[in-house]
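Below is one structure, written out as structure tokens; the observations come after it.
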Amino acid sequence: MGASILRLFFHDCFVNGCDASVLLDDTPTMIGEKNALGNANSLRGYEVIDAIKSRVEAACRSTVSCADILALAARDAVTLLGGPSWTVLLGRRDARTASMVAANANLPPASDSIGNLVARLE
């Protein structure tokens with residue numbers, strides 16, 4: 001599941017920043033990112049983040065954002081799989097809305113090279 005958590009974080013960050021908007025379910029007034037072209041039937045790991053959030057909330061209610069949990073989970077997943085570790089600065093705020101339109105416009109295609117991905121971030 002480690003690669004899936006990293007991909008979930010990656011897809012979150014490419015749409016309006018690393019704000020956990022990819023975790024938001026659709027509502028009557030908002031169509032979110034989960035079913036965008038690059039995410040539908042493709043992203044996995046939502047239940048892992050939900051489980052982590054539940055445990056964190058039980059220990060320290062309303063203290064850690066879902067956005068920070070997603071960032072930390074991505075880092076820890078990579079490390080547990082033998083990859084590098086990095087410092088994760090905390091303090092992200094959770095999105096209150098999401099946008100399928102923004103996800104469809106901003107998610108890079110799977111065919112993008114690493115050079116293209118880096119250029120998109122600049």
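The backbone N, Cα and C atoms fix where each Cβ goes, glycine too.
Listed in TrEMBL:
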ACT_SITE  H11  active site, proton acceptor
BINDING   D12, V15, G17, D19, S21, E33  Ca(2+) binding site
DISULFID  C13-C18  disulfide bond
SITE      R7  site 'Transition state stabilizer'
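There are 29 other CB atoms within 10 A of the CB of E33 (Ca(2+) binding site), with all protein chains counted. Neighbours of E33 (Ca(2+) binding site) among the recorded positions R7, H11, C13, C18, defined as a Cα within 10 Å of its Cα, are H11.
Minimal Cβ crowding within 10 Å, among the binding-site residues D12, D19, is found at D19. Ranked by CA distance from C18 (disulfide bond), the recorded positions R7, H11, D12 have D12 at the top as the closest. Compute the center of the Cβ atoms of D12, V15, G17, D19, S21, E33, which mark the site for Ca(2+); besides them, the chain residues with Cβ within 8 Å of that center are H11, C13, F14, N16, C18, A20, V22, A95, A98, A102, A103.
Between the CA atoms of H11 (active site, proton acceptor) and D19 (Ca(2+) binding site) there is a gap of 11 Å, rounded to the nearest whole number.
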